[in-house]
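Chemist: Sharing a structure, written as structure tokens. Questions coming.
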Amino acid sequence: MSFQNDPEKKKDLDGMAPTFAESLEESGVTADGTFDPDYSEPTAKELKRLMLKIDLRVVPYASFLYLLSYLDRVNIGNAKIAGMMEDISMPEADYNWALSIFFIGYIIFQVPANLMLKWMGPRLWISVIMVIWGTIMCSMSACTSGSGLLAARFFLGIAESGLYPGILYYLSVWYTRKQVAIRVALFYSSNTLAGAFGGLLAYGIMHMKGLRDLNGWQWIFIIEAIPTLLFGFLTFLILPDYPDKAKFLTERERSIILTNKKRDTAVAPDTHFSWKQVVSVIFDWKTWVFSIVYICSATPPYALSMFMPSIVNGMGYTNVYAQLMTVPVWACAFVWCVGNSYHAGKTFERGAHMAVSAALCMVGYILLIALKDQPSNYLYAGAVISTTGAFGIVPILISWFSNNYGSETRRNVGIAAITSIGNLSGVISGQVYRQTDAPKYVVGHSICLALMGVTLMSSLALKAVFYFINKKRANMSIEEIQAAVTGKKELGER
């Protein structure tokens with residue numbers, strides 16, 4: 001049996017090759033090997049209507065929660081040029097560590113956080129952590145020293161660690177591998193909207209300076225914490241749990257989603273927690289390779305998110321106007337992020353799309369370095385191009401690695417592990433742009449340029465590796481497929 005010459009089946013060019021379970025799709029046999037005589041395949045119209053129903057309920061709300069999360073972690077950049085450094089007598093070196101220390105707590109607790117999500121369920125777990133980090137964010141307005149801000153940022157990272165990998169896993173439970181790419185892109189791209197809204201909000205909030213004897217940077221922390229606290233409580237009422245428990249679905253709709261997911265991922269029912277599956281993720285080569293690519297590709301967007309107000313300020317724009325000038329940068333990044341990811345999902349190709357985005361980002365950094373002594377409009381164009389390219393990579397990478405773990409437990413742990421290791425990029429990014437390099441930040445731009453070069457080459461190399469793996473799988477006989485299935489049952493994979 002060979003899938004290679006099947007003209008009717010589109011290939012996932014950079015992910016798992018079609019499996020034995022997928023070949024049963026038209027037969028009525030589910031992925032766990034049972035036959036359901038009462039199950040009938042949904043029509044194209046029925047399936048489209050169901051996916052729209054899920055999209056409207058799940059994706060916008062999940063994206064909005066990430067927007068709040070990202071806004072709360074990067075608004076320190078807006079607070080900096082709003083007078084925070086002078087008020088709390090904080091040295092520049094401590095500020096850089098305030099950026100990095102967030103990710104230390106964030107990294108340490110990501111895997112435990114995703115295991116807690118699996119135990120508590122998404123509604124309760126996400127509600128709890130949002131209320132906690134909203135409270136921490138609000139309390140940052142009371143910081144009077146650099147050490148207090150460092151402590152607050154560390155605990156903020158711990159509290160936020162459960163949202164990002166948790167939502168990635170949550171989306172992978174609702175959607176098939178080919179459906180999830182654009183949804184992940186919409187979810188991830190909300191961080192560019194956070195940058196745009198953050199600039200607009202900071203521009204307005206800075207004018208509250210003096211109200212109730214508080215400075216502008218204090219109002220930034222307070223005002224931007226309020227939506228997090230409010231939606232922390234609302235999430236328990238609004239966010240659906242897993243598909244098998246979602247009350248807004250009918251029994252027929254629930255059956256369609258669960259059957260399609262089983263077929264798509266070729267997974268046996270994941271009814272119990274298995275430490276063997278957890279350990280298998282640690283020794284899987286994909287975990288470490290994708291983690292390294294994640295570090296290289298995520299460092300530039302993190303650095304740009306936290307330092308964009310300072311970078312624009314260094315081009316000669318005033319502190320208040322610099323907040324406003326960051327908005328077009330993030331708007332362009334949002335459009336590219338969604339468009340590039342949508343096309344990657346539609347064509348089932350990841351490596352080349354990541355490489356193109358990395359190349360675009362490199363062009364922007366080259367302009368920032370080469371034109372450092374030119375007028376600010378040239379530098380601003382470089383900032384727009386570099387940011388646009390930087391944010392078009394990670395959502396494609398996420399859908400790529402989440403598609404390549406079979407069982408639900410392995411996928412859950414794999415996503416948490418890769419994002420946890422990959423978020424060392426956050427620690428690195430806090431040290432990329434130093435005050436000694438201001439206002440042109442040539443060293444910081446050069447570091448990001450080099451990391452994007454590694455990302456470009458790694459994307460193409462991974463694409464080649466998966467091509468040969470899938471080519472080998474496509475030529476497997478039915479006996480070889482069945483033997484492989486039997487060998488992976490202990491890992492929850494079929």
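Each Cβ is built from the backbone N, Cα and C atoms, and glycine gets one as well.
Feature list, courtesy of TrEMBL:
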type     : residues : note
DOMAIN   : 58-473   : domain 'Major facilitator superfamily (MFS) profile'
TRANSMEM : 96-117   : transmembrane segment
TRANSMEM : 124-142  : transmembrane segment
TRANSMEM : 154-173  : transmembrane segment
TRANSMEM : 185-205  : transmembrane segment
TRANSMEM : 217-239  : transmembrane segment
TRANSMEM : 288-308  : transmembrane segment
TRANSMEM : 320-339  : transmembrane segment
TRANSMEM : 351-371  : transmembrane segment
TRANSMEM : 377-401  : transmembrane segment
TRANSMEM : 413-432  : transmembrane segment
TRANSMEM : 444-469  : transmembrane segment
Chemist: Can you tell me which parts of the same chain pack against the transmembrane segment (444-469), counting only residues 6+ beyond its ends and a CB-CB cutoff under 8 A?
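Modeler: For the transmembrane segment (444-469), the list is 13-15, 17, 289, 292-293, 296-297, 299-300, 303-304, 307, 349-352, 354-355, 358-359, 361-362, 365-366, 368-369, 386, 389-390, 393, 400, 432-434, 437.
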Chemist: The transmembrane segment (96-117): which same-chain residues, six or more beyond its ends, come within Cβ distance under 8 Å?
Modeler: 73, 76, 90, 125-126, 129, 146, 149-150, 153-158, 160-162, 164-166, 169-170, 306, 412-413, 415-417, 419-421, 423-431, 434
Chemist: Does the structure show the transmembrane segment (413-432) and the transmembrane segment (154-173) touching, where I'm treating 3 or more Cβ pairs under 8 angstroms (sequence separation 6 or more) as a contact?
Modeler: yes
Chemist: Could you pull the average pLDDT for the domain 'Major facilitator superfamily (MFS) profile' (58-473)?
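Modeler: For the domain 'Major facilitator superfamily (MFS) profile' (58-473), the model's average pLDDT rounds to 86.
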Chemist: Looking only at the recorded stretches 154-173, 351-371, 377-401, which one has the largest tally of CB-CB distances under 8 Å to the transmembrane segment (185-205)?
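Modeler: Out of the listed stretches, 377-401 contacts the transmembrane segment (185-205) most.
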Chemist: For the transmembrane segment (124-142), find every same-chain residue at least 6 residues outside the stretch whose CB is under 8 Å from a CB in it, and list them.
Modeler: 65, 68-69, 72, 113, 116-117, 149, 152-153, 155-156, 159-163, 166-167, 214, 217-219, 221-222, 224-226, 228-229, 231-233, 235-236, 239
Chemist: Counting only residues 6 or more past its boundaries, what in the same chain has a CB within less than 8 Å of a CB in the transmembrane segment (351-371)?
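Modeler: Counting only partners 6 or more residues beyond its ends, the transmembrane segment (351-371) has Cβ contacts under 8 Å with 14, 297, 300, 336, 340-341, 343-344, 378-379, 381-390, 392-393, 396-397, 441-442, 445-446, 448-449, 452-453, 455-456, 459-460, 462-464, 466.
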